[in-house]
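Note sheet for the following structure.
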């Protein structure tokens, strides 16, 4: 498009965006979404070089090519490529992939090319490619693969190119390549191969390229076969050299003589190798079948361990779960140690099949429940350590297969009871540890006391925790009769054998039936133990801010409803609802959610109701509701949503109700799809409305025309991801620096995966609470701020934090639990603060601390700080810088070197030191003020009413502030709590005279009157027909003194008031109006009409007579006035002005003699006025005035190649210009013109621009157009409507086009300032009357002019009569049609006969067979018409009454634009192309093109692009043999 460089750019972008929106809507459902940051084109998805750490979600299912190369992906899981059944090419090269789960490629049935080179693969899992039968090229080069297992390539028989070079391969198992019968290229160079079995290449008949060079080939007798094999194939395997023995090193394998391939000693079989035995995880060490991974920071169980391992050590890592079958394949395992991790979830089959396992160590984790069957089959187990966990229940059959168990430790757990029979299978048990459990010693634990007395194997001293009478007593020493049950205890423990201990209601919650109500309890997180029977979980009105992925819902199989309304939820972590497959209703109303992602609702597969009302959501993206196919009701009411991404609701296939109200929708091009979706989907939506742009405000989205959803080119969708770095900071990978930025709070937009955060040199007064959400932090620098106090558990969530810098702040106090949870902290800097004391136990959790900086603090070294001195000396964690400041005897002594016995307490401690941790101890609040601690100001005083100031020391006169309301008088009173009292005026009461008592509580109002409260009184508001102070007096409006009816009207009393019946000639509520009967007078020859009651009189000019002055004078008198010979037209009156005749024109006419008709009234249904096109030039100015009270209609229409129209649309003026070379453009007036008053409308065409001006306001421009509008062509210009034969086919807009004509007045039409005369109206201008008098004759119909001064009425359905005032009678009632259907035609009807009958009443039977037998159709088929007459329906290419004439083969030229679809854009030729269509008959041949030529045409697309394509054009038609 050749457009201007300035303002036109925005217009072009708007048109292109609109075109794209139209194309996407018209083409059906929106295409699948593209993953974030990736680029999607047709069936290709490009995500290369984006720094991705995992395969992105949301890959389109129709993708055929996927580029994920040059990222940081480390693992390929089973779900990464699930469902991509059309994928043919997959690029994963140049990543960090070290693990590929088995089954990762199971859905890739069409995969042909796979690149995995330049990764970190060490092990190639067997059967990895068995589900990719069409794979032809596989690149595994430049990895760390150590061996090729026998089943590595099972199932990929079609592979032609396999690249394994530049790995660490030392073992190729026998038969590894057996399936590769079509292999042509195999690269094994640059590996560690020393031996190759003789059968390795036997099944490769098509091999043409083999690379074996740069290996460690040992040329002994076992490799002699390879020499013969290579000599027979000289073109492959070149440069394959021996590396051993020494005397053959460097020789070509093919050139060494067979006799030199010898083995020392007797010949034996080639030593076999095991590929799996070579694998060892990169972070671990492997030797003697023992894998040691201790303290390596692992977060999951390593995959691809050597198959023959007997022991694995995984203690002191960060593993959180043990997945299904984690150890199943390692059948020789004897010892597993996973102690001191973070394990909370164990799959039931994690240890399945380990029959050789003798030792299992799981202590020091977070296990709460042992899954059913976890230890089944472990028949050799002798040692099982489960101590230091959180186990609260054990099923009775937990240890059923552990007959050989010697030692079982359940020490330090949460067990309250143990089911009888739990230890029965333990036939070999020798030692049992049960201490440090909160045992409830009731009747259900009686068996344990008996068991321990009979089997003294419990050596840890297990004791009772409750009831109080048995508390702290050893279970083995209590007599069995002491174990008794109350009713509640019996209910609680009845089902403990099946782990139904959770029948106990969680603390702070209320349980009734299956409802667990934990609402309004100030909970910060979901309780960790909930009853398994829970169906309805109520957590509303709490303080929950983050929904963690704790797996809690996996333990609640019966859960159906979750209420989380009215919390503070800002984030829902991925996997938070895992296990909630049965939940049908989720309430998240009244929270602080700002963004949503598709993974936050994962697991809610059965959800039917989702309430997200009253949050802060600003955008709904197309993956937000992925997987929620069962949702029927979705509420997004009262959020901040401005845009919704196309396809956002596509996955909600069951949706029937959606509430989108009270959202600030911006109806730009990003929202175009929603209006169409709302119209197409018949669901309850609440009819959401636009709020922007201004001209669409409060208009329902589904009512907005598609072309009105526009963008100005600068707008972005609010669904775009916010920047991953705060605006005030700089970010490099996961390091964020916000130093010296003057910050008072933590900046927004902090990346969730931040590991190092620098906030030094700002104005922070406290440690930001938001830091607890960033759990990956390893370093925080908060130095040089103004932090004065820490709170307990400030850093408890930061388990990875290793460095914490708090130096040079204003810290005065360290709470005892301030550093709880910092078990990984190595460096703590508190240098340069105001700390005097550190409470004992403050550093209990700092088990990894190696450096403590406490220098430049005024330490008070008395006995309370002795512990710190000992602690520092024990590990030399403080470098000898911290010095004591007080007491005087310890001043300037080093904390590290001063002997411990010198830390003594002598006398009271200075109050200023003690008050550092509690400023209120110094009693700063005076005059009985209440002191409370403040983290910023140290303390805050709440003053009594008569004092103010920081310390409540400033007295105030309470009466000065006039606390008494409503004119009450204030009196000072020291005896009262507030220091004053009020004397209230009459009618008020209360301490401050703030209460106006309701005097209507006891009122005397009668006759259902309404009492209105006053001040110390009330008033009665009377119903109609009643009056009086108490509404007890009846009003008769029709008595003479009350009658308001005028002009002798009759007054009629009603229940509520009265009614006046007017005499003829008067109207109005009180008959006060004398009707103007002159409105439709018939006075002629300029007679004056004088209104009378119910009539009028014509005062005739001199010489005229008759009732209507219709009779002219009998003779022409001598001229006595200048008007005598001056003829005024159109009923105008001649008057003399300054001795000159002047015509006073009636409304609607102008000119010296009123000869021009300048105002017309459009009253008909299809009325219009046609103006000749010669009056319009290419550069023109068209102006007119309009008056109407209608919302829609056509004002002006010019139809040609580039049609334009001026229309009324919803009360505004709309200008539409449609050029085939670009999308239609539209502009609206700001002003509305449907108020019945005259408004000026002006259209200016100049220099390829179209401008609209309404009421002399600011012009609205369509901008620079591609070419000058072709308004100067020969097509006519229509006003007020268009002929029905023309229609609006030239315009390409949709169903919102106002096809109806204009109803109202058009006045003073000027074209290029030339006033147009409507007097010579063409014949078709019916329904157009001169002047601006509205037609009110037709009661139930439309007026249509038939002559200059008369109209006829076109009645609406159901009405008839000359004035459409008579209800129509159905003419088909009692019809006489015998064998047919009655069809109404106005006041009559006709009969539509059934087949085989004819006649006016369908009473004559036709013999169709005989009728057609005498009527021959040569090239067609005979049919019988409705009248019973035969006729011929001709075959193509024939015509005539009997189809006897063959049409000659001819070419017919049709001019139209050729269209193409390019991706998502619609493209068309820039101009119309002449196309020849061949039609006609050719006997036995066919009418076809016989001459054609190809020509290049430019196609312009709606996305702004263009291209050139050759198009074949037919030039001549003729008869040719049919093909």
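Positions of Cβ are set from backbone N, Cα and C atoms, glycine also.
Bear in mind that the values here come from a model prediction, so they are computed numbers and not experimental data.
These come from Swiss-Prot:
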{"type": "DOMAIN", "residues": "34-61", "note": "domain 'LRRNT'"}
{"type": "CARBOHYD", "residues": "72", "note": "N-linked glycosylation site"}
{"type": "REPEAT", "residues": "86-107", "note": "repeat 'LRR 2'"}
{"type": "REPEAT", "residues": "134-155", "note": "repeat 'LRR 4'"}
{"type": "CARBOHYD", "residues": "192", "note": "N-linked glycosylation site"}
{"type": "DOMAIN", "residues": "215-265", "note": "domain 'LRRCT 1'"}
{"type": "DOMAIN", "residues": "271-307", "note": "domain 'LRRNT 2'"}
{"type": "REPEAT", "residues": "332-353", "note": "repeat 'LRR 8'"}
{"type": "REPEAT", "residues": "380-401", "note": "repeat 'LRR 10'"}
{"type": "DOMAIN", "residues": "496-532", "note": "domain 'LRRNT 3'"}
{"type": "CARBOHYD", "residues": "563", "note": "N-linked glycosylation site"}
{"type": "CARBOHYD", "residues": "622", "note": "N-linked glycosylation site"}
{"type": "DOMAIN", "residues": "663-713", "note": "domain 'LRRCT 3'"}
{"type": "DOMAIN", "residues": "716-752", "note": "domain 'LRRNT 4'"}
{"type": "REPEAT", "residues": "753-774", "note": "repeat 'LRR 17'"}
{"type": "REPEAT", "residues": "776-797", "note": "repeat 'LRR 18'"}
{"type": "CARBOHYD", "residues": "784", "note": "N-linked glycosylation site"}
{"type": "CARBOHYD", "residues": "792", "note": "N-linked glycosylation site"}
{"type": "CARBOHYD", "residues": "797", "note": "N-linked glycosylation site"}
{"type": "CARBOHYD", "residues": "928", "note": "N-linked glycosylation site"}
{"type": "DOMAIN", "residues": "996-1032", "note": "domain 'EGF-like 3'"}
{"type": "CARBOHYD", "residues": "1025", "note": "N-linked glycosylation site"}
{"type": "DOMAIN", "residues": "1034-1072", "note": "domain 'EGF-like 4'"}
{"type": "DOMAIN", "residues": "1074-1110", "note": "domain 'EGF-like 5'"}
{"type": "CARBOHYD", "residues": "1181", "note": "N-linked glycosylation site"}
{"type": "CARBOHYD", "residues": "1247", "note": "N-linked glycosylation site"}
{"type": "DOMAIN", "residues": "1340-1365", "note": "domain 'EGF-like 7'"}
{"type": "DOMAIN", "residues": "1368-1403", "note": "domain 'EGF-like 8'"}
{"type": "CARBOHYD", "residues": "1406", "note": "N-linked glycosylation site"}
{"type": "DOMAIN", "residues": "1449-1523", "note": "domain 'CTCK'"}
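Taking the features listed in Swiss-Prot, we show where each one sits on the structure.
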| residue | record | DSSP (3 states) |
| --- | --- | --- |
| 72 | N-linked glycosylation site | coil |
| 192 | N-linked glycosylation site | coil |
| 563 | N-linked glycosylation site | strand |
| 622 | N-linked glycosylation site | coil |
| 784 | N-linked glycosylation site | coil |
| 792 | N-linked glycosylation site | coil |
| 797 | N-linked glycosylation site | coil |
| 1025 | N-linked glycosylation site | coil |
| 1181 | N-linked glycosylation site | strand |
| 1247 | N-linked glycosylation site | coil |
Contact set, same chain, for the repeat 'LRR 8' (332-353): CB under 8 Å, 6 or more residues outside the stretch: 289, 307-326, 359-368, 370-378, 380, 385, 550-551, 554
Residues of the parent chain within Cβ reach of the domain 'LRRNT 2' (271-307), under 8 Å, 6 or more residues beyond its termini: 98-99, 101, 120, 122-125, 146-150, 152, 170-174, 176, 195, 313-323, 326-327, 329-332
Rounded Cα-Cα span from residue 1025 (N-linked glycosylation site) to residue 622 (N-linked glycosylation site), Å: 64
Same-chain residue ranges lying at least 6 outside the repeat 'LRR 18' (776-797) that approach it to Cβ under 8 Å: 734, 739, 752-767, 803-822, 824, 829, 935-936, 938
Residue 1025 (N-linked glycosylation site) to residue 1181 (N-linked glycosylation site) - Cα separation in whole Å: 63
Intrachain residues whose Cβ lies under 8 Å of the repeat 'LRR 4' (134-155), provided they are six or more past its termini: 93, 109-128, 161-177, 179-180, 187, 273-279
C-alpha spacing of residue 792 (N-linked glycosylation site) relative to residue 1181 (N-linked glycosylation site), in angstrom: 78
Alpha-carbon spacing, residue 792 (N-linked glycosylation site) to residue 784 (N-linked glycosylation site), which is rounded to whole Å: 21
Distal contacts, the domain 'EGF-like 5' (1074-1110) - CB-CB under 8 A, six or more residues away: 1047, 1063-1067, 1117, 1128, 1131-1134
Across the repeat 'LRR 17' (753-774), average pLDDT on the 0 to 100 scale: 89
Minimum Cα separation from residue 928 (N-linked glycosylation site), reported as the residue among glycosylation sites 72, 192, 563, 784, 1247 that achieves it: 784
Cα distance (Å, whole number) from residue 72 (N-linked glycosylation site) to residue 1247 (N-linked glycosylation site): 57
Glycosylation sites listed as 72, 622, 797, 928, least Cβ neighbours within 10 Å: 928
For residue 192 (N-linked glycosylation site), the number of other Cβ atoms found within 10 Å of its own Cβ: 15
Sparsest-packed of the listed glycosylation sites (563, 784) - C-beta count within 10 angstroms: 784
Neighbour tally for residue 792 (N-linked glycosylation site), based on other Cβ positions within 10 Å of its Cβ: 11
Counts by DSSP class (helix H/G/I, strand E/B, coil) across the repeat 'LRR 4' (134-155): 0 helix, 5 strand, 17 coil
Rounded Cα separation (Å) that holds between residue 72 (N-linked glycosylation site) and residue 797 (N-linked glycosylation site): 27
Secondary structure content of the domain 'CTCK' (1449-1523), with strand meaning DSSP E or B: 0 helix, 57 strand, 18 coil
Sparsest Cβ surroundings (other CB atoms within 10 Å) among the glycosylation sites 1025, 1181, 1247: 1247
